[in-house]
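According to TrEMBL, the features are:
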TRANSMEM  28-52  transmembrane segment
DOMAIN    42-291  domain 'G-protein coupled receptors family 1 profile'
TRANSMEM  59-79  transmembrane segment
TRANSMEM  99-121  transmembrane segment
TRANSMEM  133-159  transmembrane segment
TRANSMEM  201-222  transmembrane segment
TRANSMEM  234-256  transmembrane segment
TRANSMEM  276-294  transmembrane segment
Amino acid sequence: MPPGQNQSWVSEFILLGFSSDPTANRTLFGAFLLLFLSSVLGNGLIITLICLDMHLHTPMYFFLCILSLLDTGCVTTTVPQMLVHLLSRSQTISFAGCWLQMYIFGAVGLTECILFVVMAFDRYVAICYPLRYTVILSWGLCTRLSAGTWACGFFFSLIHTFFTMRLPYCGPNMVNHYFCEGPSVRNLACMDTHVIEMVDLVISVFMVVAPLLLIVASYIRIVQAILKFKSMQARCKAFSTCVSHLTVITFFYAPATYLYMRPNSSYSPEQDKQVSLFYNVFTALLNPVVYSLRNKDMKRAFLRVMGR
């Protein structure tokens with residue numbers, strides 16, 4: 001590549017996906033289409049109920065609405081293209097398309113990392129300062145917290161994507177993944193990538209480890225506050241309001257930590273595709289199930305909206 005040029009030799013990438021067998025691909029298409037539609041419809045239902053039902057216009061459900069919006073964005077960034085590739089002979093994606101997909105997926109994922117901290121703070125205020133809940137978490141603060149999460153996610157994703165996609169890619173161009181995921185694309189670079197890996201590690205510490213520590217700290221304070229309750233019924237009710245959030249956090253952070261907080265030397269394409277699928281598709285499907293089946297407010301809101 002001539003000096004001073006940042007343009008890659010590769011103009012497109014080939015996404016290898018899960019299988020090259022047409023029969024297996026048709027089966028996978030049906031399964032993934034069902035998962036995708038269920039996820040989009042489930043999260044869409046939560047967003048619709050929260051927007052339409054005045055009883056759900058509280059900080060907790062405001063943040064839950066944003067979470068559902070992020071989950072919808074996450075699956076629609078990757079799964080539709082994967083479905084097309086499962087039935088198509090061509091599995092290519094343009095360099096610009098890969099750049100955009102990597103950026104949006106990273107932005108949504110990083111925004112979600114910060115949003116879980118905000119949701120933990122919401123539970124902390126609700127349980128530790130119940131009488132001042134609406135005063136502390138005013139709509140002005142909720143709006144600023146929401147805007148801050150989006151700004152952080154999109155900013156740090158831009159840094160990650162910029163450093164990854166400006167690497168020289170001179171061939172091969174076959175990405176062993178079902179979408180343009182950072183480490184999978186980076187492995188095709190024609191130069192040493194240790195500096196880029198260090199940049200990603202720093203971003204991961206700020207956007208994955210630090211939020212997780214803040215969430216743990218919040219729940220330590222929450223548990224301490226709950227244990228001071230004299231009524232066992234009050235304790236159980238307080239714990240139940242946190243179970244859904246903790247369940248979603250666990251299924252989000254466990255695969256995310258595995259994928260992005262380990263050295264590049266332990267990269268395993270086939271295993272990573274499976275973990276990414278769980279992190280991307282199944283977690284987005286799990287969230288509406290957890291928050292709707294365990295939540296009486298959501299059930300009442302559904303009946304009220306349907307009763308209209």
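Glycine is no exception: its Cβ is also placed from the backbone N, Cα and C atoms.
From a predicted model like this one, the values you see are computed outputs, not experimental measurements.
Remote same-chain residues near the transmembrane segment (234-256) are listed as 67, 109, 112-113, 116, 119-120, 123, 126-127, 208, 212, 215, 219, 222, 225-227, 275-276, 278-279, 282-283, 286-287, 290-291, 294-295 (criterion: CB distance under 8 Å, separation of at least six residues from the stretch ends). When averaged over the domain 'G-protein coupled receptors family 1 profile' (42-291), pLDDT in the model lands at 88.
The transmembrane segment (276-294) makes no contact with the transmembrane segment (133-159): fewer than 3 of their CB pairs lie within 8 A, with pairs spaced 6 or more apart in sequence. Long-range contacts of the transmembrane segment (133-159) within the same chain, counting only residues at least 6 positions beyond its ends with a Cβ under 8 Å from a Cβ of the stretch, are 58-59, 62-63, 66, 103-104, 106-115, 118, 121-122, 125-126, 199, 203, 206-207.
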